[in-house]
Amino acid sequence: MAASGGRACVRSLRGGVLWRSSPCHYESTATRHFLGTLQKLPLQAGVRNFHTAPVRSLFLLRPVPILLATGGGYAGYRQYEKYRERKLEKLGLEIPPKLASHWEVSLYKSVPTRLLSRACGRLNQVELPYWLRRPVYSLYIWTFGVNMTEAAVEDLHHYRNLSEFFRRKLKPQARPVCGLHCVTSPSDGKILTFGQVKNSEVEQVKGVTYSLESFLGPRANTEDLPFPPASSSDSFRNQLVTREGNELYHCVIYLAPGDYHCFHSPTDWTISHRRHFPGSLMSVNPGMARWIKELFCHNERVVLTGDWKHGFFSLTAVGATNVGSIRIHFDRDLHTNSPRYSKGSYNDLSFVTHANKEGIPMRKGEPLGEFNLGSTIVLIFEAPKDFNFRLKAGQKIRFGEALGSL
């Protein structure tokens, strides 16, 4: 019967008929029923049944190739985007930034970066065995391009833990402070952006801004100010400008992990007020600054405000991932990345007291504070209209080198 059925099927095919004879259809149905029955049977020990597994199960058995393919494809796409951006930059074309959406920012902020940074801070303070110090520090030096010939102590065995290594001191002659210009760089780093502050918006990187008032917070109490405040009806920018004919300027310096982590006074000025903003600790590298609007307003930061010979002056140290610890040498009450402080609040401290009517005087180049790893310094200050920056965006700069002058 099977043979005749097979012949009937062959005759049908040879005859060019597009239908199958009933015996062939019967065999096909029976075969499918038999295979379906096998799939429903439980697997027995020592019996392999891979030939009856559905396609869905085969993919579940191989997640690694799928993840590698997906991740590789995304990485390739990102590399193509970077290559395209570099080509456009070489042609002199401006590349509009691609900002993160609200849900992307919220998702990133939900990552426990403060907790992770506290854990990293404690890990950095663990004393390393003497024999392990050289290989660990050498790996860090090689990875981030640290120049140890500038360090006051070049012997790697001298640094008991990573925290001491990050905060290493420099040789006195390693960073001469420029005396010809009125404003010098407070730290080593990379210039992200600089220029005049217009319409109460500050440029984070080219094409991405943040609110001046959100960044600095509301004006301090009038008794803390060394100069009378402007009318409350003025814009926030105009409230900071104290002298007619002056402008408000800004400069953003990004400190990479391999840079010198201390920061110094950029000019001769008097600090009258400190404001601490607990916040997130998102990465502040230039790529993230191009992606997240008002990144510096989201992150934890310490704002020092006061005055210099031309009016208002401020220096802000912005925290980042694994950089929850910001230290100001003369402020022992400051405790950053502390679980007792909640996001969205701020803590004020006035350095103007009955015993000290002026505040804390700082000389240009004098040590001011330090990070435990790379981060960002933002300068916002008042100066006459003929103030000129001697910079270009993206350039590397070292502590003590000129930022600008009149």
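Using the three backbone atoms N, Cα and C, a Cβ is placed for every residue, glycine included.
Noted in Swiss-Prot for the protein shown:
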type	residues	note
ACT_SITE	SER375	active site, schiff-base intermediate with substrate
MOD_RES	SER375	pyruvic acid (Ser)
TOPO_DOM	50-60	topological domain 'Mitochondrial matrix'
TOPO_DOM	80-406	topological domain 'Mitochondrial intermembrane'
TRANSIT	1-49	transit peptide
TRANSMEM	61-79	transmembrane segment
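If you average pLDDT over the topological domain 'Mitochondrial matrix' (50-60) in this model, you get 47. Packing around the residue listed as 'active site, schiff-base intermediate with substrate' is summarised by its Cβ count: 32 other Cβ atoms lie within 10 angstroms of its Cβ, all protein chains included.
In the three-state DSSP reading, SER375 (active site, schiff-base intermediate with substrate) counts as coil.
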